[in-house]
Amino acid sequence: MSTHFIDGSWVTGAGEPFASRNPVTQAVVFEGRAASEEQVDAAVAAARGAFAAWRDRGLEERAALVKRFAGVLGEHKARLADVIGLETGKPRWEALTEVQTMIGKIDVSLMAWRERTGERQAEAGDATAVVRHRPHGVVAVLGPYNFPGHLPNGHIVPALIAGNCVVFKPSELTPRVAEETARLWEKAGIPAGVLNLVQGGRRTGVALAGHPGIDGLFFTGSSGTGNALHRQLAGQPEKILALEMGGNNPLIVQDVANTEAAIHHILQSSFISAGQRCTCARRLLVPATPEGDALLGRLVDAASRLKVGRYDDAEQPFMGAVISLAAADRLLAAQARLVSLGGEVLLEMRRLEEGTALLSPGILDVSAIKELPDEEHFGPLVQVQRYGSFDEALSLANRTRYGLAAGLISDRRELYERFWRESRAGIVNWNKPLTGASSAAPFGGVGSSGNHRPSAYYAADYCAYPVAGLEAAAVALPGQLAPGMRLNS
């Protein structure tokens, strides 16, 4: 099966066999062989060979190509959304939203290039000071499974606009989506070697990340993999490394009159995408008061009524499956561990059908756990922490090595002003779901959540480096020579 796109041709993998499955039915969605190290070499070589011509095409030609890709995406939106739903288990409505976001972010990427990079000139005496931006060359993109179309293209599109060539290695859990997307790039007329796709698991990823022929790497995924990449590229300052990783995100609730809206925002923050967004609320901080008790009671009731189902159900669910049986098993094991440490089950996360990755929402009160593990449980499991004062809530919120997102639901602006200043996070929301973020704003975190903002509006900053120069049309002597300088005897 030809599943790798190298130098403009589809080729069969020479590595180990692997497959992806629908997380509910376990039907095979993709079957093929991983790229071998030699095929990774070929992909990097193809990108290097295509780089100079792609760079020299100029911005307008490159922009025209990504705009054609946006048009092709629009023409094939329903089909790509169906593949995303089939392979990830997310509901069709959400998969369609993902494809639409892919399309919309292309305009954001073009705007960002012109506003943040591009070329700038200013007069500097008898010269012109010029800042131009030059592409790195060949960049690797490693994508996640939770948004297998949208998030990789958040790196790929800005990289191509800047003049780089790309070698893309998707998650081994979503190879079919990656193949479909690459075929759409082919339909849009991507030149041979400018975008290359290599499929596979850890071995393929290690070969690509460690390849001496790449000039940089953009990654979205787990902190564990991101940390491994950071170690692998250590001591190579000549390579740009931009990491977007996970979070153990806090959401604080205090002094809010509209309880129904608060419940909505908590549900949206915690359980959208079956909890498989890096910005999902993992920890819900609620005051230890009768009002807090009432809020939790209503939350548990509302969460218990969230519809969970197959991606293509006629009556669309709010939540689909998590990505795999293994992921579901890990989440259930995490719940059991937290209970063994002293957590109280407010709403049990359950496997809804044996042999599937369909999980119901789970809510645990972990206030009694003195040493709460600082872990990201990537699924529909939220941990409640009760607090006595806002000082304590802030302390609990920041008690994590991560720093991606943090949120406050409160009618009191003065609390938010303090929360914004003291929260250790790259995204800080007030009275909005924690999962909400603007494509025209930087996206990323601090600490173990990442080191740069290589997608959305700020992606342009990491896809090219600035070149500063002083320029004059002719050589001319200065009005006055420096002391001690004589040009004639």
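Backbone N, Cα and C atoms are what each Cβ position is placed from, and that goes for glycine too.
Per Swiss-Prot, the feature NAD(+) binding site maps to GLY221, SER222, SER223, GLY224, THR225, GLY226; the stated evidence is sequence analysis. Neighbour count (other Cβ atoms within 10 Å of the Cβ, all protein chains): 20 for THR225 (NAD(+) binding site). Following the DSSP three-state reduction, the secondary structure of THR225 (NAD(+) binding site) is helix.
Annotated active site per Swiss-Prot: GLU244 (among others), in sequence order.
As annotated by Swiss-Prot, active site applies to CYS278 (among others). According to DSSP, CYS278 (active site) sits in a coil region rather than a helix or strand. The Cβ of CYS278 (active site) lies under 8 Å from the Cβ of ASN146, THR220, GLU244, MET245, GLY246, GLY247, LEU404, ALA405, SER449, each of these being in the same chain and 6 or more residues away along the sequence.
For the recorded positions given as SER222, SER223, GLY224, GLY226, GLU244, the lowest number of other CB atoms within 10 Å of the residue's CB is seen at GLY224. For the NAD(+) site, the Cβ centre of GLY221, SER222, SER223, GLY224, THR225, GLY226 serves as reference, and the other residues of the chain with Cβ at most 8 Å from it are PHE219, ASN227, ALA228, LEU229, MET245, GLY246. In sequence order, LEU142, GLY143, PRO144, SER171, GLU244, MET245 are the residues near GLY221 (NAD(+) binding site), counting only same-chain partners six or more apart with C-beta under 8 A.
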